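Written below as structure tokens is the structure these notes are about.
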Amino acid sequence: MNSARLIGIVGTYGVVVALAALVLFGFLRYERFLGFFNVMSVLRYNSMFALVALGMCFVIMTGGIDLSVGSVAALGSVASALASPHGIAAGVAAGVGAGLAAGLINALLVTRANLMPFIATLATMLAASGSALLLAGNQSVSVSYDSGFTAIGQGNFWIFPIPAVIALVAYVVGSVVLNYTSTGRTVLAIGGGEDASRLMGLRTDRIKFLVYVASGCLAGLAGVVLASQFGAGQPIEGVGWELSAIAAVVVGGTLLTGGSGSVMTTLAGVLLLGILFNILNFENGLGWISLSAYWQSVIRGLFLLVVVLLQARLTGRRGSWPATTSGP
Amino acid sequence: MITQPDQAALLLDMRDIQKRFAGIPALAGASLQVLPGEVHALIGQNGGGKSTLIKVLTGYHRRDGGQVLFEQRPFEVGSPHEAQVSGISTIYQEINLVPLRSVTENICLGREKRRRGLLDWSAMHAEAERLLSRFSIRIDVRRPLGDFNTATQQMVAIARAIGFSARLVIMDEPTSSLDEREVSVLFSVVRQLKAEGVSVLFVSHKLDELYEVCDRVTIMRDGHTVRSAAMSDIGKLELVAAMLGRDVAVVDGHATAFGARDRSRIGDVLFTAQGLSAGQSVRNVTFDVRRGEIASFAGLLGAGRTETARLVFGADRLKAGEMTMERASYHPERAADAIAAGMGFCTEDRKAEGIVPEMTVAENITLALLPKISRNGILNEDRQREIVARFIRDLGIKCSGPNQKVRELSGGNQQKVLLARWLAMNPKLLILDEPTRGIDVGAKGEIQRLILKLADDGLGVLMISSEIEEVMEGADRIFVLREGVSVAELEGQAANVEDVLAAMAHGGSPVEAAA
Amino acid sequence: MSDLATPSPANDAGARGFNLFGFLARYGTVIALMLLIAFNLGYTRNFATLQTLNVNLTQVCTIVIVAVGMTLVIATGGIDLSVGSLMAISGALAPMIFMGKIFPVGNTYLAVVVAMVVSIFVAGLLGLFNGWLVSRFRIQPIVATLVLFIAGRGIAQVMTNGNLQTFRVPQFQWIGLARPLGIPAQVIIMAVLVAAAAWALHRTVFGRSILAVGGNEKASELAGIAVARIKLAVYAISGLCAGLAGLVVIAINSSSDANLVGLGMELDAIAAVAVGGTLLSGGKATIIGTLLGALTIQLVRYTLLANGVPDAAALVVKAAIIAFAVWLQQQHRV
């Protein structure tokens, strides 16, 4: 095993090991860290970010980027809050529909107008944010508590928070699509070399179109969860979500240049960044030292730096980032 | 002189192919006939049209005229992918696969195996292993393609082609980045393809290889096919001569604007290089340049001429060898060091490494000169104007003015801008890599006269050219490079074209080769 | 297989005849700005007043200051996402110094000078760090600067523990509040910076090198330009500009909130640069264009607001302008 391969393995599974270490640390240090309540609330809260990061993961694997996810989630939350009096289905449909619309705009700008993904999704980000504020009339929109809409964010499926279940299902589906369908493999091939993929006869534009649409829909769904969980559609929420999602994806071992990545380690990336925050809370609760919650951004940044430097070391020479590239 | 094999037996029959780009003919009556189960060499100089011919065949370009029959049926495809599905696969020099993805994916993408709607990985891995094992290659197909060396990657590309049941595999300079052992593996694969009835169109500039592996050869020059023959019927010397358009027997009058030189103007030694090497492309190159002399590298494509020039200029890192500049030891780490030592380098690839397209003529001319026309980092506009005006006038650069964008100029004028960039530096040694490539005839002559004048003024010039006339008539001394080794040093002008061609073809002197 | 004489119609696009896309890509921003002004003169009440001018200029100032650094970074083919966070850091650091939270202050003037210099310098150092990641490790600029985008605001929040710092220090706040000759001080700072950068971009070796690196990195390297140093420098300058903008913002507000200072600034600055006509792929940049781009975006917003269109709708319009401006540039270049 050469060193490049070793770094590749560290890069791919390091996040899982780091997550396990962090959980173990928390378990040994804080009495209620692995308590039912804490675990469930961490999962419930982070599922929105997980949904957004899943879409981002697919976009990044094609070598693109989607800066609009945060404001699309805000738009989705407003749309679903407005539709919530008509029932769960209406709320979900409105939120996901808003995300779908934004995703379609991104997809068209990138594949038809040939705009750089960065700029295309930046424009959509502003437009979605503006639309959210317009729809909501510049304030948060409370959801209907009578229609049962809040169950999506606040309810449980057996003992598990529904948003966490939704996110888990989305990740399982995402993982199957990535690993067991030609669509998924094409996503990775495009990111690894768009021209080569085209020469191989793969339908690159169609797949790129799909990932932006999917990212929009997932962001919309995250918005539905947001509205339902906090009881209100929040037009100004979602600022900076896109970059946290990018960070989670990268920490999860997906190459930012595309071509290599994994859905499940992205989930680990989301949880890792989420648990850092949780641990900071516990640490302060112990009262021995007082670490401000703001350390989490600093630590997130450091994580990102380490991963990015590792990736740069690898892609700088011949060698492989991923330890394995295909399914079982 | 085109021998016609039995038509009915042909696998591929391309006749009288025409292709023009912006009115300029790239192919003018090219033809190519490939038999089933043969290895066919396609050779020609840069601009000879072989790349265009292949791209027309694989549907990358649409032809303007001519006829293509594949397996006796008219062959019309709109993309390389369609060509692949129809049985013609191309393996490009820079392998067109996805290094980050696994070997299996690279072989199977586009025709995945499924079970109950989902990808059947074990079947796909097995398929990949089966295809590779035909070439006695056993690798972990789950690992990313980029983990393996170039030779293996090429095998994977071939396996992909076979997987699409190709009847004709086109290999574009497949050996250019392989070492000897890898080459022999590739050749055994080529022979095996042949044994299985698959034809191979083999594009290469390494003559020895052609003789080793190919059955027949088609030679292209200036967009048309000049000769087609069995390898056994054509000698190396004949091959090179046909490729370069030089009838070995005839030495005609001047084809370039280079005239006779007053050799007394040539001064003492300016630059020496001893045993330069850096990897496969440059293995052992020794040469020197005197003041006021035009020294020239001659050699086929891939002989290591450009690579050597880049080493001299510090653009690439030297592995072994010694250089001196003006009798002082010289070790460039980067281009800036070479510039400081008094060198200039007009690159072969004007677009990618030469001009800055969005900048003006003036800005391009003064790019390397910036430190010299500024004080405390502030540009002296008057000096810039003055220098730029002088070079636009002296070199006859045709532009609407110093503020015209360089990308709007013709190739010849862009080249003059680059020449001006270096001349403005007042260099002692000027390296010119293909100074007249892609330039119309008139501008060509102007640039040749200019080079001559520069040498007369005492500048040492190292000129690389694929045009044999330019080398024969322009150079005072010719260093022949062959597969990364300097194999001969000949007096220019006095030299016999046969000697040069022989050295390019055989590596030794003509006497040795004849023996 | 590279010896292809592919025809490139764009080559003679500028040379002859009238090219609509070329014309619009070049003068579109100016035309848009003039149309906006004409529209406002006709339809918006009290438009032609000094106050309107001052309001618009004051609002656009910090964006322009940051966008100047951003223009230089983008001219080399890079991008800097960290500017907003660097603003937060310098905005958090300066009050801590002049309010004596780090070391006791004797002389207020001295403390203000130290505060300004140190906080701008720190932002510059962090910019240098971005440049180091980009040039030394060849990390894509968007990721390299993402590190400080995330960590930077956290650092500012940790420094202040997330608390609002309020102050009333006229010696410091002149950069946001003073009006020498009736012109807001920050407008003067912006004008000086724009003029200096525009001059440097076209009249100095450094500026020329920036454009060369963005226009053709390989050619620049072969022409002896120290590519890595140029990249380090532009990111450092972008950091310095962000640091300065951070100080202006807190001076105007008389307070510094690490959670809010510079939030979303990276996008405003990039938008101004893109609308101003600088190529996002590098090699062609205009500082004046960036100024005009920022003014256009600002004036669109002002126009819409002054005519009763809600701010949120203005965002949507802004999005359309950005997408259209970049699309237009591409049509010109294809």
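Placed from the backbone N, Cα and C atoms, the Cβ positions cover glycine too.
Automatic prediction, not curation, is the source of TrEMBL annotations.
The structure displayed is predicted, hence computed values, not measured ones.
Summarising the annotation, TrEMBL assigns transmembrane segment to C:20-43 (among others). Using a Cβ-Cβ cut-off under 8 Å and counting only residues 6 or more beyond its ends in the same chain, the transmembrane segment (C:20-43) has close neighbours at 13-14, 275-277, 289, 292-293, 295-296, 299-300, 302-303, 306-307, 325, 328-329, 331-332.
Sequence-distant contacts of the transmembrane segment (C:55-74) (same chain, six or more residues past either end, CB-CB distance under 8 Å): 80, 83, 87, 127, 141, 184, 186-187, 189-190, 193-194, 197, 201, 210, 214, 234-235, 237-242, 244-245, 248-249, 252, 262, 265-266, 268-270, 272-273, 276, 278-280, 282, 285-287, 290-291, 293-295, 298-299, 302. Feature annotation from TrEMBL assigns transmembrane segment to C:55-74 (among others).
Beyond its flanks by at least six residues, the transmembrane segment (C:109-129) meets 69, 80, 82, 86-87, 89-91, 93-95, 97-98, 100, 148, 152, 169, 171-172, 232, 235-240, 242-244, 246-247 of its own chain at Cβ-Cβ distances under 8 Å. Summarising the annotation, TrEMBL assigns transmembrane segment to C:109-129 (among others).
What TrEMBL records for C:141-160 (among others) is transmembrane segment. Within the chain, the transmembrane segment (C:141-160) has long-range Cβ neighbours (under 8 A, six or more residues past its boundaries) at 73, 77-82, 84-86, 88-89, 91-93, 96, 126, 129-130, 133-134, 235, 256, 258-259, 261, 266.
What TrEMBL lists as transmembrane segment is C:180-201 (among others). With a cut-off of 8 Å between Cβ atoms, the residues of this chain six or more beyond the transmembrane segment (C:180-201) that come close are 50, 54, 57-58, 60-62, 64-65, 68, 71-72, 75, 174, 207, 210-211, 241, 244, 248, 251-252, 285-288, 290-291.
What TrEMBL records for C:232-252 (among others) is transmembrane segment.
Residues or ranges marked as transmembrane segment in TrEMBL: C:258-280 (among others). Packing against the transmembrane segment (C:258-280) from elsewhere in the chain are residues 25-26, 28-29, 62-64, 66-67, 70-71, 74-75, 79-88, 91-92, 149, 153, 156-157, 159-160, 162, 214, 242, 245-246, 249-250, 286, 288-294, 296-297, 318, 321-322, 325-326, 329, 333: each is 6 or more residues past its ends and has a CB under 8 Å from a CB in it.
The annotation transmembrane segment is assigned in TrEMBL to C:312-328 (among others).
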